[in-house]
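Student: Following this message is one structure expressed as structure tokens.
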């Protein structure tokens with residue numbers, strides 16, 4: 001009996017459950033049918049100064065806070081309304097919003113637009129169109145030149161009228177706040193408040209009741225269908241954004257069927273009117289977004305180059321053009337220090353440096369409490385200007401290892417190597433005192449503005465025919481003089497000629513993902529203010545020296561060796577210093593350095609350590625020069641290539657004509673260059689210390705393991721290497 005009773009009770013309960021489910025489904029179907037026939041959009045009147053923040057159910061318009069768990073854009077008061085709305089078609093348009101990590105916003109799209117007329121004020125427009133839209137702009141501005149303007153408080157009014165036509169099925173995207181998503185139906189109000197350059201635009205989805213809002217209001221009449229409009233965050237940040245103003249009578253082609261007018265006056269009230277047919281869904285907010293200035297961050301906008309400069313360009317021009325009197329002076333040889341004496345003499349007569357040091361601009365601001373190369377050099381120059389000669393550079397040479405780790409007192413070293421170490425040391429000092437940081441700041445110190453220039457490198461893979469080009473920072477030029485080369489012009493012509501990279505010198509092609517035969521060409525992109533040319537007289541294979549005469553001019557025109565010879569900038573350089581290596585056996589293990597210096601009066605002097613002799617220009621031009629220093633007639637403007645991440649930086653060494661030298665390969669960067677970060681703190685040398693074999697060196701600087709890879713200047717440290725640098729194609 002008990003078993004029968006339990007079985008009957010179970011069947012009775014099952015029947016009751018089925019009966020309740022049938023009743024619920026009947027009621028739900030009845031409600032759905034009733035709502036489909038009876039629900040009509042209502043007109044909402046605006047009044048007062050506030051708006052209700054109550055969210056409305058998308059079906060019955062009852063106040064609620066529950067929203068769709070997937071799309072986050074609609075709200076429901078109960079599961080019945082959610083099921084009903086899902087069956088009506090929400091399942092076709094419901095999708096998860098896309099999250100943009102950079103902007104920290106959700107982007108949602110699934111709305112259609114048709115026939116909307118919107119008038120609202122604006123001072124500028126930025127266009128982001130997706131499809132089938134036509135924008136016509138008529139601007140009345142103070143200038144017709146396209147430019148980028150920054151919206152500022154109380155800016156001058158810009159009069160323009162914009163016509164926007166939008167057809168059906170316009171698919172657009174809009175940002176939705178992660179924290180705020182407000183929906184209203186049947187009524188839209190758009191208000192824009194312009195106070196001190198701020199723009200406030202809020203478009204909301206309104207329900208079937210009265211709402212209030214502060215500021216200027218606009219009425220919209222809606223019939224035959226719901227109007228879906230999402231909540232938009234305030235646009236007060238527009239005063240920090242840049243907007244693009246199109247020139248007069250500009251137009252962009254997009255198709256459409258409704259008009260959007262933007263009056264020029266900021267005080268005009270927005271007027272919104274809309275007529276929609278059955279099945280229409282639109283979002284006025286998305287229309288407005290076509291006319292919103294693009295949001296920009298400080299990281300994405302390039303900051304002013306003047307703000308990033310380490311050294312004032314105006315001060316640099318004054319120092320470069322300043323005629324400071326300094327008579328030639330001698331330096332005492334402290335034991336195999338002729339190489340250092342010759343280099344210090346050349347630096348002492350380099351115009352920007354000499355003016356900077358004589359005026360005492362460094363010592364007044366130097367923060368170093370210990371030994372400082374620039375301070376000691378300044379002290380030496382001030383003594384020379386006082387008429388003392390010869391002078392002892394003991395305070396500089398006693399700290400040679402602080403200038404170059406491999407340098408030491410009493411050792412015979414290479415003059416070019418010491419020049420690079422000295423310039424590197426000065427650069428590190430100026431960087432520590434620089435008010436700015438970054439690659440462009442490194443290139444705009446006093447040293448960077450003085451010696452820095454740019455090369456244009458082009459490489460073509462012979463396998464896939466892929467071409468790449470990149471600008472490279474240069475600090476000096478090392479050119480080969482072997483073979484039939486008899487003049488500086490011929491050496492520069494060979495330097496800028498095509499070279500085949502084959503064998504051990506093959507180029508790593510990023511497209512082929514392997515080492516391939518390639519053709520390479522280097523040209524001068526921007527000439528430096530002080531051009532240092534090193535004639536490679538020392539041979540790495542037999543430790544010999546090329547003692548043949550090389551003709552070099554007093555005035556050097558580098559336009560034939562520039563990547564754009566038709567460019568308006570045709571710099572002419574004047575010779576002002578020459579370093580000569582004298583030897584008896586034509587070897588790099590012995591010899592003596594002397595230098596020739598030209599004063600501001602145009603007089604030439606030969607300086608041999610402590611001895612100073614006046615000479616004629618003809619005598620200088622007949623010498624077997626090792627290093628040539630040329631000064632540009634007028635300083636060049638700040639480089640347009642400075643600080644770019646897509647740019648390679650290197651201290652320059654030359655590309656030789658010989659094909660048997662080993663190159664350092666770098667497969668990750670499609671390059672043969674080394675990677676050394678200048679900002680790492682271990683500034684061994686800004687230049688390559690090994691691409692030219694020392695003429696007076698010991699085993700510390702002349703060993704075969706230290707000889708250069710001549711193709712890209714060996715394994716010298718570079719200013720700032722970008723590991724993720726990408727090649728740029730060119731025609």
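Just so it is clear, glycine is given a Cβ too, placed from its N, Cα and C backbone atoms.
Bear in mind that the values here come from a model prediction, so they are computed numbers and not experimental data.
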Student: With the ranges 262-281, 282-301, 302-321, 322-341 to choose from, which does Swiss-Prot describe as region 'Disordered'?
Tutor: 262-281
Student: Among 171-219, 367-415, 416-464, 465-513, where does Swiss-Prot put the label region 'Disordered'?
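Tutor: In Swiss-Prot, residues 171-219 carry the label region 'Disordered'.
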Student: Checking feature assignment: zinc finger per Swiss-Prot, candidates 57-94, 95-132. Which range matches?
Tutor: 57-94
Student: Suppose we draw a 10 Å sphere around the Cβ of residue 68 (Zn(2+) 2 binding site). How many other Cβ atoms does it contain, all chains included?
Tutor: 17
Student: When DSSP states are folded down to helix, strand and coil, where does residue 60 (Zn(2+) 1 binding site) land?
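Tutor: In the DSSP reduction, residue 60 (Zn(2+) 1 binding site) maps to coil.
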Student: Just to confirm: which same-chain residues, 6+ apart in sequence, have a Cβ under 8 Å from the Cβ of residue 57 (Zn(2+) 1 binding site)?
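Tutor: Sequence-distant Cβ neighbours: 63, 64, 75, 76, 77, 78, 81.
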Student: Around the Zn(2+) 1 site recorded as 57, 60, 77, 81, what other same-chain residues have a C-beta within 8 angstroms of the site's C-beta center?
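Tutor: Output for this site, in sequence order: 56, 58, 59, 61, 62, 64, 76, 78, 80.
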Student: Please identify, among the recorded positions 68, 71, 90, 94, 592, the one with the smallest Cα-Cα distance to residue 338 (active site, nucleophile).
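Tutor: Closest by Cα: 592.
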Student: Return only the integer: C-alpha distance in Å from residue 68 (Zn(2+) 2 binding site) to residue 60 (Zn(2+) 1 binding site).
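Tutor: That comes out at 15 Å between the alpha carbons.
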Student: Run through the Cβ atoms and count how many others sit within 10 Å of the one on residue 81 (Zn(2+) 1 binding site).
Tutor: 22
Student: Cα-Cα separation of residue 90 (Zn(2+) 2 binding site) and residue 60 (Zn(2+) 1 binding site), in Å?
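Tutor: Taking the Cα atoms only, residue 90 (Zn(2+) 2 binding site) lies 15 Å from residue 60 (Zn(2+) 1 binding site).
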Student: State the Cα to Cα distance, in Å, between residue 592 (active site, proton acceptor) and residue 94 (Zn(2+) 2 binding site), rounded to an integer.
Tutor: 84
